[in-house]
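Asks: My questions all concern the structure below.
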Amino acid sequence: MSDAPDGIDGRSDNVDDPTPDGGHAAATPSTHTVRLELVDEPGQLLAALHPIADNGGNLLSIYHERGNKTPRGRIPVEVDFEATQDRFEEIVDALRTEGVNVMQAGTERYAEEVTLLLFGHLIDTDLSDTLSRIEACESASVADVSLAAPQGTEEVSSARLRLEARAGETETALAAVRELADEKELRLVEPLTGVEA
Amino acid sequence: MRLAVIGAGAVGRSVVELAGEHGHEVVAVADSSSAVVADGANGPDGRTPGVDPDAVVARKAERGIVGDGDPEDALAADYDVLVEATPTTLGDADPGFSHVTRALERDRHAVLANKGPVAERFGDLRAAVADSAGEIRFEATVGGAIPAVSTVEDIEPGHVTAVRGVLNGTANFILTRMAAEGLDYDHVLAEAQDLGVAEADPSFDVDGTDAALKCVILANVLSFGAVDDPADAREFTLDDADVEGIRDVPGSTLRLAAEDGRTVRLIGEATGETVRVAPRLVPENGTLAVSGTQNIVQIETTHAGRLNISGRGAGGPETASAVLGDVGRLK
C-alpha cells in the first residue's frame with residue numbers, strides 16, 4: 001500500500017489494509033529505517049545503536065556511509081531494524097535524548113515516492129516556476145525531473161517528475177500538482193497510487 | 001429460453017448464431033428497419049421452432065435486412081428474454097430503454113448489451129424492474145467477455161470498495177502501439193482504423209466516453225447493490241464521471257514513462273461515490289498494463305483481496321457469450 005521503497009511502513013497499524021500481506025496489528029513488528037548523522041569519532045556508532053537495542057528494536061542492517069559526508073561534515077548512517085510502532089517511537093525519542101541527530105525516521109520525512117507525468121506547453125508556462133511551486137508545497141519535494149521536448153521548446157513537451165512526499169501526504173501532494181496543472185492548462189498523468197502490486 | 005434479439009449488429013448476429021449452442025431458441029430478430037418472427041403454428045407440439053439463424057445472418061449480409069416483418073412484430077413476439085443489442089445512445093437512451101421497459105411491462109426478462117439504458121437511466125430501469133416479474137441483466141455492457149458485473153454481484157457490491165481497469169480496447173491498442181514503436185497518436189490511430197480496431201469516428205473510444213459509460217454502470221451496480229432500499233442509492237450517469245481521453249497524449253510522454261519502467265494506460269475507476277477515467281501512469285510490466293485490445297478489470301474487495309480478470313473486451317462472439325451467460329442466469 002504505502003509506496004515506500006525503503007521499507008518504511010508508517011501504516012503498520014492499519015488493520016483495514018486490504019492487501020493480502022497487510023492487516024498487521026499494532027503489536028506486529030515491522031521494518032523501520034532511520035538515517036542518523038554521526039560525528040566522525042570512535043564509539044559514536046555504538047552509542048547510537050544502544051538506544052535501539054535497549055528499547056526492543058531488532059537490528060537488521062547498518063549502512064555506514066564513511067565516504068559520504070553531510071554538509072556539516074558528519075557521517076550519515078542508515079539503520080534498519082524491526083520494532084512495533086510504539087517501540088519505534090520510543091526508539092526515536094531515546095536516540096534524540098542521547099544526542100544522536102536523527103535526519104529521517106520512518107514516517108517523519110519523505111517516506112513516499114511518487115512519479116507522475118506532465119505534458120503540454122511546459123516551457124511556455126515556465127517549467128521552473130512550476131517546479132518551484134510544487135517544491136513550495138509542504139507535502140512534497142521534487143526529487144528528479146526529466147524533460148522531453150522533441151519538437152522544440154515552443155511545441156508540446158513532456159516531463160516526468162519524481163516527488164518525495166511525506167508519509168500519508170501523497171494525495172495532498174498530487175492534489176497540489178493537479179491544481180497547478182489546471183491553472184497552467186497542462187495535462188497531468190497521475191500514477192495509480194496504492195495499486196502497484 | 002425463447003429469445004427476441006433486438007439489434008442485428010456484430011453482437012446481435014452472434015447471439016442469434018450462438019443461442020442454440022447454449023440451449024436457447026431465437027424466436028424473433030429485429031434490426032432498425034426489419035424483423036423476422038418465428039411462425040409458432042408450424043412448430044411441433046405447439047412449440048415455436050425458432051428462426052433459422054443462418055438465414056437471418058445471410059439476409060442481413062446480402063440485403064441489409066433480417067426479414068420481411070416490421071420491427072414492432074419482434075417486440076410483440078412471444079419470447080422469454082429480450083436481448084437489447086441496439087447501438088448505445090446517451091441521454092434518454094432510446095430506443096434501447098423503451099425496448100427494455102416494454103419487455104418488463106409484459107413481465108419478461110431483458111438482457112442488455114447496450115450500455116445506454118444502464119449508464120444513463122439506471123434508476124428508471126430499477127423502478128421498472130420493481131414493478132415487473134421480469135429481471136434485467138447487463139454483463140455484456142462492461143468489458144465484453146469479462147465477467148465483471150457478475151463477479152461484483154458474487155462478491156456482493158457492499159464488499160467491493162472499487163473496480164478499476166482498462167475497459168476500452170481501441171484506446172489501449174493506440175497507447176500500446178505508441179509506446180512500443182515510439183509513434184505519434186495520429187499515425188497509430190490511422191493504423192487502428194485500417195485494422196478495424198478503431199472506428200472512422202473514434203471519439204467515443206479515444207475521448208474516454210466508452211470507458212466512462214462502463215465505469216458509470218459499475219458505479220451504479222456498487223451503489224444500488226450496497227443498499228436495501230433503492231431510494232437510498234446514488235444514481236450515476238455519464239455527467240457524474242470525470243473523464244479525460246488520450247487524444248492529445250504525445251509520444252514524448254510515453255517515452256518518458258518507458259525510461260522509468262512505466263507506461264500509460266487509459267484507466268477507469270468506479271466506486272460507489274466516484275467515477276473517473278484518465279490516462280494513468282502504471283508499471284510497464286504491472287497487472288493493469290495489458291497490451292493491444294485486451295481489457296482488464298481489477299476488483300478491490302473488503303475481505304477477498306484484489307481480483308484481476310483480463311480478456312477480450314469487445315467483439316461479436318465474445319460479447320454474445322456474456323449475453324448468453326446472462327440468459328443462463330435468468331430463471
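A Cβ is built for glycine as well, from the same backbone N, Cα and C atoms used for every other residue.
Below are the features I grabbed from TrEMBL:
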type	residues	note
DOMAIN	B:7-139	domain 'Aspartate/homoserine dehydrogenase NAD-binding'
BINDING	B:G7, B:A8, B:G9, B:A10, B:V11, B:G12	NADP(+) binding site
BINDING	B:K115	NADPH binding site
DOMAIN	B:149-327	domain 'Homoserine dehydrogenase catalytic'
BINDING	B:E199	L-homoserine binding site
ACT_SITE	B:K214	active site, proton donor
REGION	B:311-331	region 'Disordered'
Asks: Taking the Cα atoms as reference points, how far is B:G7 (NADP(+) binding site) from the residue listed as 'L-homoserine binding site' in Å?
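Replies: So the Cα of the residue listed as 'L-homoserine binding site' lies 19 Å away from that of B:G7 (NADP(+) binding site).
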Asks: Across the domain 'Aspartate/homoserine dehydrogenase NAD-binding' (B:7-139), what does the pLDDT come to on average, as a whole number?
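Replies: That stretch averages a pLDDT of 92.
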Asks: Listing them in sequence order, which of the recorded positions B:A8, B:G9, B:G12, B:K214 have their Cα within 10 Å of that of B:E199 (L-homoserine binding site)?
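Replies: None, since no candidate lies within 10 Å.
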Asks: Which recorded positions (B:A8, B:G9, B:K214) fall within 10 Å of B:K115 (NADPH binding site) by Cα distance?
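Replies: Close recorded positions: B:K214.
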Asks: In whole Å, how far is the residue listed as 'active site, proton donor' from B:G12 (NADP(+) binding site) when you measure between their Cα atoms?
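Replies: For B:G12 (NADP(+) binding site) versus the residue listed as 'active site, proton donor', the Cα atoms are 19 Å apart.
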Asks: Which residues of the same chain, at least 6 positions away in sequence, have a Cβ lying under 8 Å from the Cβ of B:A10 (NADP(+) binding site)?
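Replies: Looking at Cβ-Cβ distances below 8 Å from B:A10 (NADP(+) binding site), excluding near sequence neighbours, one finds B:G315, B:G316, B:T319.
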Asks: Quick check: which same-chain residues outside B:G7, B:A8, B:G9, B:A10, B:V11, B:G12 lie with their CB within 8 A of the centre of the NADP(+) site CB atoms?
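Replies: Once B:G7, B:A8, B:G9, B:A10, B:V11, B:G12 are set aside, the remaining close residues are B:V5, B:R13, B:S14, B:V15, B:D31, B:A85, B:T86, B:A113, B:G316.
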Asks: Suppose we draw a 10 Å sphere around the Cβ of B:A8 (NADP(+) binding site). How many other Cβ atoms does it contain, all chains included?
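Replies: The answer is 28 other Cβ atoms.
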Asks: Would you identify the secondary structure of B:G7 (NADP(+) binding site) according to DSSP, in three states?
Replies: coil
Asks: Could you tell me which of these recorded positions, B:K115, B:K214, has the fewest other Cβ atoms within 10 Å of its Cβ?
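Replies: Across B:K115, B:K214, these recorded positions, the one with fewest Cβ atoms within 10 Å is B:K115.
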Asks: Where does the residue listed as 'NADPH binding site' sit in the DSSP three-state scheme?
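Replies: The residue listed as 'NADPH binding site' sits in a helix per DSSP.
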Asks: List every residue in the same chain as B:V11 (NADP(+) binding site), at least 6 positions away in sequence, whose Cβ is under 8 Å from its Cβ.
Replies: B:A85, B:A113, B:A140, B:G316, B:T319, B:A320, B:V323
Asks: Identify, in sequence order, the residues in the chain of B:G9 (NADP(+) binding site) that are 6 or more apart from it along the sequence and have a CB within less than 8 Å of its CB; answer 'none' if there are none.
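Replies: The list for B:G9 (NADP(+) binding site) reads B:A85, B:T86, B:P87, B:G316, given in order along the sequence.
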